[in-house]
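As written in TrEMBL, here are the features:
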BINDING   Arg51, Pro52, Phe53, Ser54, Gly73, Thr74  FAD binding site
BINDING   Cys225, Cys230, Cys233, Cys245  [2Fe-2S] cluster binding site
DOMAIN    1-98  domain 'FAD-binding FR-type'
Amino acid sequence: MKKIKVKILSNKNIKDDFFKLRLEFPFSDKIEPGQFVHIRIGESFPPLLRRPFSISNAGCGWIDIVYKVVGKGTRLLSEFKEGKKLDIIGPCGRGFSVSPLKKRYLLAGGGVGVSPLVFLSRRILEKNKNALVDVFLGFKKKEDVILEEDFSGENLTLHIATEDGSYGYKGVVSELVESHIKSLSSLSEVKVYACGPTDMLRVFARLCFKYKICCEVLMEEIIGCGVGACRGCVVKGKEGYMRVCQEGPAFDIKELSWE
């Protein structure tokens, strides 16, 4: 984790209030899927605190962040142009673990939580070219679908669920994943990764406990300092409270309390 100034390479509006920000990043080869960067958006108050953003993708000397404009901070960020320098800290937190290698991976996300799955799917296929990767994206309606074109690979299959049935499977994404699990002849070589709101992750945790499948989730909490000092992002674990910004944001479901 380093504090550095980086240049904006692009900041594109990809759909409605969603933007894809590409930043130069000299340590991109050190990043693990699921990690985040902490960005200082304003030069003074407001906004006071840094904002955490999950890393959506990474390449040689760059990282991508997908964000939605929801307040003053992200509104200001959306106005920044190519060439502007940003003060960031990263990569932060603990990312997903891809090893030990499995034969089949089920990646599930909801809303803007689908973003980290882009990098994760790439990393899995880089490490294990024979792996089968199924990506499940969940949205309320067709108009909300984002990043569909970002998922690609010879052994990757994309599935989309919308709650109103306007695109893909009709229903919530967890139902689609469970239907897929039931269709598999063996679950011993399956691993699930899930990103999204806590209520959705709780459903996936229960689902994977039910079928005895390995599962990691990416927790979403309000992060203050980003270095573990303020303890404002804690979640209840089996052995006490855990900091999302340090022990997470990626957790094995067995580490957390889901009561």
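Just so it is clear, glycine is given a Cβ too, placed from its N, Cα and C backbone atoms.
Quantities reported herein were computed from a predicted structural model and do not represent experimental measurements.
Overlay of TrEMBL feature records on the structure.
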residue : record                        : Cβ neighbours (10 Å)
Arg51   : FAD binding site              : 22
Pro52   : FAD binding site              : 23
Phe53   : FAD binding site              : 23
Ser54   : FAD binding site              : 24
Gly73   : FAD binding site              : 20
Thr74   : FAD binding site              : 17
Cys225  : [2Fe-2S] cluster binding site : 16
Cys230  : [2Fe-2S] cluster binding site : 14
Cys233  : [2Fe-2S] cluster binding site : 25
Cys245  : [2Fe-2S] cluster binding site : 26
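Straight-line distance linking the Cα atoms of Pro52 (FAD binding site) and Cys245 ([2Fe-2S] cluster binding site), rounded to a whole number, equals 9 Å. Rounded to a whole number, the distance between the Cα atoms of Cys245 ([2Fe-2S] cluster binding site) and Ser54 (FAD binding site) is 11 Å. Taking CA atoms as the reference points, Gly73 (FAD binding site) and Cys225 ([2Fe-2S] cluster binding site) are 16 Å apart.
Averaged over the domain 'FAD-binding FR-type' (1-98), the predicted model has a pLDDT of 93. Other residues of the same chain near the FAD site, with their Cβ within 8 Å of the Cβ centroid of Arg51, Pro52, Phe53, Ser54, Gly73, Thr74, are Ile39, Ile65, Tyr67, Leu77. Across the domain 'FAD-binding FR-type' (1-98), DSSP classifies residues as 10 helix, 49 strand, 39 coil. You'll find the Cα of Cys225 ([2Fe-2S] cluster binding site) roughly 9 Å from the Cα of Arg51 (FAD binding site). Between the CA atoms of Cys245 ([2Fe-2S] cluster binding site) and Arg51 (FAD binding site) there is a gap of 12 Å. Rounded to a whole number, the distance between the Cα atoms of Arg51 (FAD binding site) and Cys233 ([2Fe-2S] cluster binding site) is 13 Å.
Taking the Cα atom of each, Cys230 ([2Fe-2S] cluster binding site) and Phe53 (FAD binding site) are about 18 angstrom apart.
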